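Annotated features, as they stand in Swiss-Prot:
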type	residues	note
BINDING	Arg14, Arg64, Ser95, Lys155, Arg254, Ile255, Arg256	GTP binding site
BINDING	Cys21, Cys25, Cys28	[4Fe-4S] cluster 1 binding site
BINDING	Tyr27, Gly68, Ser119, Met189	S-adenosyl-L-methionine binding site
BINDING	Cys249, Cys252, Cys266	[4Fe-4S] cluster 2 binding site
DOMAIN	5-233	domain 'Radical SAM core'
Amino acid sequence: MLVDSFNRVIDYIRVSVTKQCNFRCQYCMPATPLDFFDGEELLPLDNVLEFLKIAIDEGVKKIRITGGEPLLRKGLDEFIAKLHAYNKEVALVLSTNGFLLKKMAKDLKNAGLSRVNVSLDSLKSDRVLKISQKDALKNALEGIEESLKVGLKLKLNTVVMKSVNDDEILELLEYAKNRRIQIRYIEFMENTHAKSLVKGLKEEEILDLIAQKYKIMGMEKPKQGSSKIYTLENGYQFGIIAPHSDDFCQSCNRIRLASDGKICPCLYYQDAIDAKEAIMNKDTKNIKRLLKQSVINKPEKNMWNDKNSETPTRAFYYTGG
């Protein structure tokens with residue numbers, strides 16, 4: 001079992017399989033050239049697999065595959081199948097922008113993936129183009145429908161931005177509700193790679209907009225996880241991830257492995273442990289040691305709710321958000 005200095009059990013790893021992305025979203029990497037990462041040094045997926053087997057043996061019960069855009073990584077379905085075969089009790093989920101999802105959904109489902117989280121920031125084509133610098137809405141929606149068709153569980157993630165997509169909060173909720181998908185609204189998390197003009201809506205502002213149409217009956221906070229779950233009068237549930245107001249760090253159960261082999265204890269802080277050599281050598285003893293050290297290094301909490309704190313400098317496309 002992996003336990004940090006604050007007695008939190010760490011049983012969830014987010015694994016970035018690439019920094020590359022086919023989008024250039026305003027809140028993540030808007031100014032990065034599309035070919036910027038052509039020469040990136042990636043950990044071979046077989047080596048990542050061995051690392052994750054060790055992590056599973058140490059008590060990890062959930063693995064999320066991220067990027068960049070993870071569906072750009074070749075051989076991903078085979079990697080997931082091998083991971084699933086090693087321990088079928090481990091939940092395997094994936095975060096994607098959905099652009100390549102339609103053609104890959106069936107293979108991902110057959111490989112053993114249990115759920116997909118799709119970023120959907122707008123239902124308007126021109127707005128998606130403005131946000132992501134990609135004419136991507138049609139592909140994303142088709143990917144969502146195909147995932148439902150093949151039986152993949154789904155969640156939608158929406159980063160809510162002032163004067164960008166805040167007028168679509170209800171429309172996006174209706175879209176998700178009609179498909180029995182949970183949508184999670186995410187407060188914009190300031191970082192030095194985002195456009196400086198991007199401003200997010202806070203949790204209470206999002207709730208006020210939803211309350212204009214729906215009666216919110218209650219809220220529950222899962223013991224683990226970063227989102228609060230709200231229930232509407234009709235029984236539909238949606239989530240809000242609010243790092244500026246919610247101290248979800250007290251129940252944090254995760255660490256992150258970047259595509260270059262660094263283990264990141266926290267999304268906010270720059271600190272990381274370089275495990276590349278151990279992973280490349282499949283050095284079980286050292287991997288265990290570095291894994292445990294990264295857990296011990298986890299800070300008590302992030303600082304997004306501190307107005308005097310510095311803006312995080314490590315890119316979300318590096319750690320996988």
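Any Cβ shown, glycine's included, is placed from N, Cα and C.
Structure coloured by features recorded in Swiss-Prot.
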| residue | record | contacts (Cβ under 8 Å, 6+ apart) |
| --- | --- | --- |
| Cys25 | [4Fe-4S] cluster 1 binding site | Ser119, Asp121, Ile131, Ser132, Gln133, Val159 |
| Cys249 | [4Fe-4S] cluster 2 binding site | Glu300, Lys301, Asn302 |
| Arg254 | GTP binding site | Ile10, Tyr12, Ile13, Arg14 |
| Ile255 | GTP binding site | Ile10, Tyr12, Ile13, Arg14, Ile263, Cys264, Pro265, Ser294, Val295, Lys298 |
| Cys266 | [4Fe-4S] cluster 2 binding site | Cys252, Lys298, Pro299, Asn302 |
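Nearest to Cys28 ([4Fe-4S] cluster 1 binding site) in space, judged by Cα atoms and limited to the binding-site residues Arg64, Gly68, Arg256, is Gly68. Rounded to the nearest whole angstrom, the C-alpha distance between Met189 (S-adenosyl-L-methionine binding site) and Arg64 (GTP binding site) is 20. A Cα-Cα distance of 17 Å separates Arg64 (GTP binding site) from Cys21 ([4Fe-4S] cluster 1 binding site). Reported as a whole number, the C-alpha separation between Arg256 (GTP binding site) and Cys21 ([4Fe-4S] cluster 1 binding site) equals 18 Å.
Among the binding-site residues listed here, namely Cys21, Ser95, Lys155, Cys21 has its C-alpha nearest to that of Gly68 (S-adenosyl-L-methionine binding site). Counting every protein chain shown, the number of other Cβ atoms lying within 10 Å of the Cβ of Ser119 (S-adenosyl-L-methionine binding site) is 23.
If you take the C-beta of Lys155 (GTP binding site) and look for same-chain residues 6 or more apart in sequence within under 8 angstroms, you find Arg115, Val116, Asn117, Val118, Ile181, Gln182, Ile183, Arg184, Gly239. Between Ser95 (GTP binding site) and Tyr27 (S-adenosyl-L-methionine binding site), the C-alpha separation comes to 16 Å. For the domain 'Radical SAM core' (5-233), the model gives a mean pLDDT of 92.
A gap of 13 Å separates the Cα atoms of Cys21 ([4Fe-4S] cluster 1 binding site) and Tyr27 (S-adenosyl-L-methionine binding site).
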